[in-house]
2 protein chains.
Amino acid sequence: MDASDALAPIRDRFVLDDDTAYLDGNSLGALPRAVPGRIADVIAREWGELRIRSWTESGWWTAPERIGDKIAPLIGAAPGRVVVGDSTSVNIFKAVVGGVRMAGKGCTEILVDATTFPTDGYIARSAARMTGLAVRPVEPARIADEVTERTALALVNHVDYRTGELNDLPAITHALHSAGALAVWDLCHSAGALPVGLDAHHVDLAVGCTYKYLNGGPGSPAYLYVRESLQERFESPLPGWNSHADPFAMDPGYTPADGIRRGRVGTPDILSLLALEAALEAWDGVSIEAVRAKSLALTDFFLECVNAYVPPGLVRSLTPHDHQRRGSQVSLACSPQLSAAFAQGAAPVAGQVMDELIRRGVVGDFRHPDVLRFGFTPLYTSFADAERAARVLGEVLGALPDVAPGAAGTGG
Amino acid sequence: MDASDALAPIRDRFVLDDDTAYLDGNSLGALPRAVPGRIADVIAREWGELRIRSWTESGWWTAPERIGDKIAPLIGAAPGRVVVGDSTSVNIFKAVVGGVRMAGKGCTEILVDATTFPTDGYIARSAARMTGLAVRPVEPARIADEVTERTALALVNHVDYRTGELNDLPAITHALHSAGALAVWDLCHSAGALPVGLDAHHVDLAVGCTYKYLNGGPGSPAYLYVRESLQERFESPLPGWNSHADPFAMDPGYTPADGIRRGRVGTPDILSLLALEAALEAWDGVSIEAVRAKSLALTDFFLECVNAYVPPGLVRSLTPHDHQRRGSQVSLACSPQLSAAFAQGAAPVAGQVMDELIRRGVVGDFRHPDVLRFGFTPLYTSFADAERAARVLGEVLGALPDVAPGAAGTGG
């Protein structure tokens with residue numbers, strides 16, 4: 001399968017060692033080879049020699065929009081609709097408050113994906129508190145039924161961080177629009193792994209991080225998308241000087257910039273931005289459709305290998321088998337039988353299993369209470385990685401004394 | 001003067017060339033020598049090899065508090081009161097909203113430094129709008145007279161970015177407290193240049209950037225200070241998952257962390273944070289009192305040289321001569337006579353003068369409409385730099401045909 005994989009050569013654009021099957025790119029993407037040299041030059045020459053001149057001469061000032069335009073094609077956005085900077089949480093605040101301010105006067109609530117990554121819910125509640133609205137958690141599949149004319153917007157995760165389930169962005173966006181509400185999507189776990197189609201599906205606002213499938217580095221800056229027709233009405237709750245129409249006029253009165261620059265806040269974080277820009281070079285000549293095809297092939301193959309290698313009944317996939325509902329990770333829940341075999345009290349079983357996998361060179365992660373997560377980054381994950389991960393998982397679980405088929409653990 | 005300067009050897013901790021007198025460290029600090037090697041290791045080993053493990057094994061997760069504790073002694077704060085992350089503008093939003101939420105119920109207004117750097121005013125207005133208060137601009141020197149029992153807080157710049165004037169932090173803080181209001185200080189232009197004494201003067205909240213006198217690099221993350229006795233009451237408007245008491249519990253309900261970690265928001269930006277941490281090594285063994293003494297000696301000497309070299313009447317210092325009221329920069333306003341000699345229409349005179357200084361190796365900057373700014377970073381600025389800057393300024397201005405003493409330019 002690796003021999004016939006057209007994306008296989010892209011793996012050489014990353015720093016990876018063959019001792020490790022790195023399946024945690026959905027948490028922190030691997031290091032792209034273009035980054036170290038680029039950042040060495042940014043530090044030594046652009047900062048060290050040109051110093052202040054680099055704000056203009058090295059293009060620092062315009063980096064947030066320029067890099068936004070490089071992310072745009074990966075999420076189906078035209079140029080001028082994406083700006084990079086600040087954390088995902090800060091961008092969620094901009095998007096939710098900005099969305100509420102564009103919504104109808106009679107709106108009283110925000111819907112939030114009930115299974116959301118927690119920061120989305122925390123920030124949405126803060127945004128609701130500060131704009132006088134209420135938050136109502138709703139399962140993504142129920143949004144079409146639950147949205148009302150009092151709904152300002154819904155904040156939804158495109159892919160669920162825990163289960164890897166892909167939510168139906170076109171249908172949910174359409175349902176929200178039919179009720180007069182805005183659609184705000186969190187793309188953290190989908191951007192760079194599958195086509196998003198923001199413009200095509202008329203998404204209103206979106207945010208996403210860049211350190212997972214976009215490989216921008218630890219804590220690299222997030223991005224904000226604002227639909228073109230809404231940009232003029234977008235009022236940021238964080239109107240920093242970088243979002244002013246003429247920042248260097250040092251005008252005491254605030255006039256927002258035209259276009260997506262309005263989503264900027266303070267002085268952009270240049271080292272991290274330019275590391276991200278170099279990281280995005282790994283996408284040269286790669287289509288997101290090819291990435292999606294490989295992602296599904298990888299997760300299909302991994303699930304098949306898990307079935308083949310892991311004694312039955314010990315783990316159960318939380319990730320849908322239906323391609324239409326699957327992101328680019330596989331989450332396996334540990335069975336109560338496993339808990340019995342493992343439990344010594346302190347650490348959760350899934351944590352103990354993952355620790356053992358990591359000791360054996362298979363790197364995924366775990367999430368409370370019982371979930372093993374394996375992320376598949378089509379730019380660098382091989383089918384051999386997928387086979388190895390399932391095989392080592394089978395070895396670790398199969399070697400447990402109490403988990404032979406039919407054995408019932410007693411705990412202790 | 002350089003020969004007897006005890007801080008002179010510290011200059012070797014920075015990458016500087018003798019061709020340039022770099023007097024723009026109040027905008028972007030020079031590159032500390034410790035940074036390139038440290039960041040090369042962070043990228044190649046911590047990210048490239050350890051990848052996800054570095055969040056714990058390389059101390060990434062705790063970097064915001066750890067680096068906060070390294071900035072703390074420079075601004076007179078005990079450990080556990082400073083956290084690093086996000087831009088200055090975002091931190092102003094946290095501080096102002098957090099401050100309003102701690103203020104008395106009957107408060108209706110926020111005072112803002114009338115000559116503030118613009119972002120402070122823009123963000124304060126947004127914070128006021130979102131908390132139902134009004135903003136009233138007040139000259140810093142008038143705050144003691146203008147504060148009332150309806151004032152929630154005042155947001156004041158410690159040093160004015162334009163004039164270099166140092167505001168009286170102890171007296172203004174005391175006056176605010178006497179009226180029951182909180183004091184929120186912006187330390188962008190003072191931290192690293194002079195003693196601040198946050199704890200000693202009972203400042204409530206403070207923010208500052210790290211890319212000026214702290215030399216953290218372009219757009220390096222800012223910091224938030226919250227007085228110890230207020231931390232328990234601090235409610236962030238940006239309660240991202242990093243500020244949760246147990247972030248990895250992925251709890252849908254928000255419980256804020258104890259202490260200053262409550263000021264965190266999203267995933268911290270590791271490359272920029274660790275560049276800043278390396279930059280702060282330049283302070284090893286340096287006292288902020290010694291820095292202040294050298295700063296005043298440098299600016300005194302520069303003003304003396306300007307008097308000696310520049311034909312009279314062409315520039316006028318906006319920076320107070322009184323040491324108690326002077327930060328670590330000198331701002332010179334260009335006279336109308338100069339405008340007459342220079343003006344061809346488009347570019348402001350101060351901009352044209354600064355361009356010519358930069359061509360001759362003297363790097364400061366200009367601010368609209370007529371201000372030449374020269375920043376003095378005691379860690380690396382020499383008295384020779386100060387002398388050269390004044391001399392070159394004298395050469396540039398003295399060579400203008402229309403500016404001989406007594407000549408009256410006619411414009412055109």
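Backbone N, Cα and C define each Cβ position, glycine as well.
These figures come from a predicted structure and were not determined experimentally.
Taken from TrEMBL as is:
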- B:Thr88, B:Ser89, B:Phe117, B:Pro118, B:Thr119, B:Asp120, B:Asp186, B:His189, B:Tyr211, B:Trp241, B:Thr267: pyridoxal 5'-phosphate binding site (BINDING)
- B:Lys212: N6-(pyridoxal phosphate)lysine (MOD_RES)
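Cβ contacts within 10 Å of B:Thr267 (pyridoxal 5'-phosphate binding site), excluding its own Cβ and spanning all protein chains shown: 25. Using a cut-off of under 8 A between C-beta atoms, the binding-site residues B:Thr88, B:Thr119, B:Asp186, B:Thr267 that neighbour chain A are B:Thr88, B:Thr119, B:Thr267.
On the backbone, the CA of B:Phe117 (pyridoxal 5'-phosphate binding site) and the CA of B:Lys212 (N6-(pyridoxal phosphate)lysine) stand 14 Å apart. Per the record's binding annotation for pyridoxal 5'-phosphate, residues B:Thr88, B:Ser89, B:Phe117, B:Pro118, B:Thr119, B:Asp120, B:Asp186, B:His189, B:Tyr211, B:Trp241, B:Thr267 show a top Cα-Cα distance of 31 Å. When the binding-site residues B:Phe117, B:Tyr211 are scored by other C-beta atoms within 10 Å, B:Tyr211 scores highest. For B:Thr119 (pyridoxal 5'-phosphate binding site), the same-chain residues 6+ apart in sequence whose C-beta sits under 8 angstroms from its C-beta are B:Thr88, B:Ser89, B:Ile92.
The Cβ of the residue listed as 'N6-(pyridoxal phosphate)lysine' lies under 8 Å from the Cβ of B:Gly25, B:Asn26, B:Ser27, B:Leu28, B:Gly29, B:Cys188, B:His189, B:Ala191, B:Gly192, B:Gly375, each of these being in the same chain and 6 or more residues away along the sequence.
DSSP assigns B:Thr119 (pyridoxal 5'-phosphate binding site) to a helical segment in the three-state reduction. With a cut-off of 8 Å between CB atoms and residues at least 6 apart in sequence, the same chain places B:Thr88, B:Ile92, B:Asp113, B:Thr116, B:Phe117, B:Asp120, B:Leu155, B:Val156, B:Asn157, B:His158, B:Ala206, B:Val207, B:Gly208 near B:Asp186 (pyridoxal 5'-phosphate binding site), listed in sequence order.
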